[in-house]
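> Starting off with a structure, shown below.
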Amino acid sequence: MGLLDRLSGLLGLRKKEVHVLCLGLDNSGKTTIINKLKPSNAQSQDIVPTIGFSIEKFKSSREGQAIIFVIDSSDKLRMVVAKEELDTLLNHPDIKHRRIPILFFANKMDLRDAVTSVKVSQLLCLENIKDKPWHICASDAIKGEGLQEGVDWLQGTSQSIVFLWPLFLLRITSFIYFTFIISLLFFSLFPSISPVRKNNTVST
């Protein structure tokens with residue numbers, strides 16, 4: 001069972017697809033990460049380099065339940081480009097107004113020139129993301145290091161978002177119901193103050 005299957009099971013989506021938008025610059029390691037997240041019997045032994053963004057189990061950005069953004073932490077020269085792509089993503093009409101969780105992988109942490117996940121966070125100005133839950137962790141996609149931490153965070157955050165919205169609706173419904181009952185009691189005790197006005201007629 002892959003990490004994504006565990007995530008879908010914990011969210012009660014075992015029989016459904018988990019739509020995850022996986023993005024990153026070419027050669028950042030996104031394809032390797034996607035491969036590692038799959039069940040072992042579905043993993044590909046031959047990883048073909050991709051150009052630009054790679055999308056797994058994703059038909060349109062509206063269907064995405066989570067975003068994984070992969071950064072090559074050893075490529076400091078392209079951090080500016082990665083930030084531009086991230087800004088484009090955050091301003092996309094289908095993403096901008098949604099509280100969708102974003103998991104950042106500061107990948108290739110095993111390389112000598114790699115910077116820390118804290119430094120990557122600073123270079124991408126992640127602290128400016130105020131309207132979406134996000135988390136960054138260092139990873140080594142080839143060895144699978146750091147992936148479990150990321151999926152654990154994603155699972156916890158996704159569960160919170162899934163359950164908070166019904167709870168909010170329940171509170172609103174309870175408030176309306178309570179207000180309705182109080183109104184009925186009030187007007188039954190004081191019928192003369194009823195908000196329903198009768199039309200006055202004058203008989204001649």
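Glycine is no exception: its Cβ is also placed from the backbone N, Cα and C atoms.
According to TrEMBL, the GTP binding site annotation covers GLY24, LEU25, ASP26, ASN27, SER28, GLY29, LYS30, THR31, ASN107, LYS108, MET109, ASP110. Annotation source TrEMBL lists Mg(2+) binding site at THR31, THR50. TrEMBL lists 163-190 with the feature transmembrane segment.
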> By a simple count, how many Cβ atoms lie within 10 Å of the Cβ of SER28 (GTP binding site), its own Cβ left out?
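Neighbour count, Cβ to Cβ under the 10 Å cut-off: 27.
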> Return the residue, from the listed binding-site residues THR31, ASN107, with the maximum count of other C-beta atoms within 10 angstroms of its C-beta.
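Counting Cβ neighbours within 10 Å, the top one is ASN107.
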> Just to be sure I understand the packing, how many Cβ atoms besides its own are within 10 Å of the Cβ of GLY24 (GTP binding site)?
25
> Within the chain of MET109 (GTP binding site), which residues six or more apart in sequence place their C-beta under 8 angstroms from its C-beta?
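Result: SER73, SER117, ALA138, SER139, ASP140, GLU145, GLY146.
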> Which state, by DSSP, holds ASN107 (GTP binding site): helix, strand or coil?
strand
> Please report the Cα separation of GLY24 (GTP binding site) and THR31 (Mg(2+) binding site) in Å, rounded to an integer.
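Each residue's Cα considered, GLY24 (GTP binding site) and THR31 (Mg(2+) binding site) end up 9 Å apart.
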> At a 10 Å cut-off from the C-beta of ASP26 (GTP binding site), count the other C-beta atoms across all protein chains.
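For ASP26 (GTP binding site), the count of other Cβ atoms within 10 Å is 14.
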> Using the alpha carbons only, what distance in Å do you get between THR31 (Mg(2+) binding site) and ASN107 (GTP binding site) once rounded?
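Pair distance, Cα basis, whole Å: 12 Å.
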> If you measure every Cα to Cα distance among GLY24, LEU25, ASP26, ASN27, SER28, GLY29, LYS30, THR31, ASN107, LYS108, MET109, ASP110, the residues said to bind GTP, what is the biggest one in Å?
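Roughly 18 Å, rounded to the nearest whole number.
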